[in-house]
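Got a structure for you, questions after.
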Amino acid sequence: MGLLECCARCLIGAPFASLVATGLCFFGVALFCGCGHEALTGTEQLIETYFSKNYQDYEYLIDVIHAFQYVIYGTASFFFLYGALLLAEGFYTTGAVRQIFGDYRTTICGKGLSATVTGGPKGRGARGPQRAHSLQRVCQCLGKWLGHPDKFVGITYVLTIVWLLAFACSAVPVYIYFNTWTTCQSIAFPTKTTASIGTLCADARMYGVLPWNAFPGKVCGSNLLSICKTSEFQMTFHLFIAAFVGAAATLVSLLTFMIAATYNFAVLKLMGRGTKF
């Protein structure tokens, strides 16, 4: 078998939707977690520097920010593992379909995973059962754990609902920073508004970031414009936008996983057709 033919057969058996969704998931989670972590740090610095001089005013906010940062660490680890498992599930379903319908030209891992459902080749002969390849044995063990694609569909569905909440929450800081940036634009170009520059403010207390008794709690006029021109504000704003984009990419990947797994499972269990994802 030539190299090109071997590569072509490998590509034919690859679950392309799962591969794309896995790459999108890793990219989105990395963007969301990395940029979100740094954006929270930047927010903490902005609050400490410009919006409150009393540590007790933002002590609770700092605790919340640190808690979210720890959650980000766990989220990155979880999605790295779960994305890999969903990719394995894609190979699993593909291998099972091809095994059931007589196409044995799958990868070693695909055969090992599919063997847990189909029973696989037993290798009977004079020497008894053949000795399995080490990688195939590992995949068979993994396949026993992945042998319930319907449960993976359910877990992914629940995870998608949960991530919808995370996606919505990631839009909140973007909204706050965008409003602040819009106010700064009105200050920089006073002809666009009829309000007095001194009355144009960004109030952190209004969004619940600081308690109402925090002082000063808000920044107005030219002082606010100078904050918007700092690299800290601009970087934090763009980091939150990047985190929002990462959350959106992760949501798309989860939807792709769920649709592909649902369709694949239906084909495998109900329709009996060798379609793969």
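Each position is counted from 1, following the chain as shown.
Glycine too: its Cβ is placed from the backbone N, Cα and C atoms.
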State the disulphide partner of CYS201 as given in Swiss-Prot, choosing from CYS220, CYS228.
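The record-listed partner cysteine is CYS220.
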Per the topological domain annotation in Swiss-Prot, are THR93 and ASN213 located on the same side of the membrane?
no
Could you identify, going by Swiss-Prot, the member of CYS141, CYS169, CYS228 that forms a disulphide bond with CYS184?
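Swiss-Prot lists the disulfide between CYS184 and CYS228.
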Provide the number of Cβ atoms within 10 Å of the Cβ of CYS184 (disulfide bond), excluding the reference atom itself.
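Around the Cβ of CYS184 (disulfide bond), 19 other Cβ atoms lie within 10 Å.
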Sort CYS201 (disulfide bond) into helix, strand or coil using the DSSP assignment.
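CYS201 (disulfide bond) sits in a strand per DSSP.
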Sequence order is fine: just name those recorded positions in CYS184, THR199, CYS228 with a Cα within 10 angstroms of CYS220 (disulfide bond).
CYS184, THR199
If you count Cβ atoms within 10 Å of each one, which of the disulfide-bonded residues CYS201, CYS228 comes out on top?
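Of the disulfide-bonded residues CYS201, CYS228, the highest Cβ count within 10 Å belongs to CYS228.
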Including all protein chains shown, what's the count of other C-beta atoms within 10 A of the C-beta of THR199 (O-palmitoyl threonine)?
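A 10 Å sphere around the Cβ of THR199 (O-palmitoyl threonine) contains 9 other Cβ atoms.
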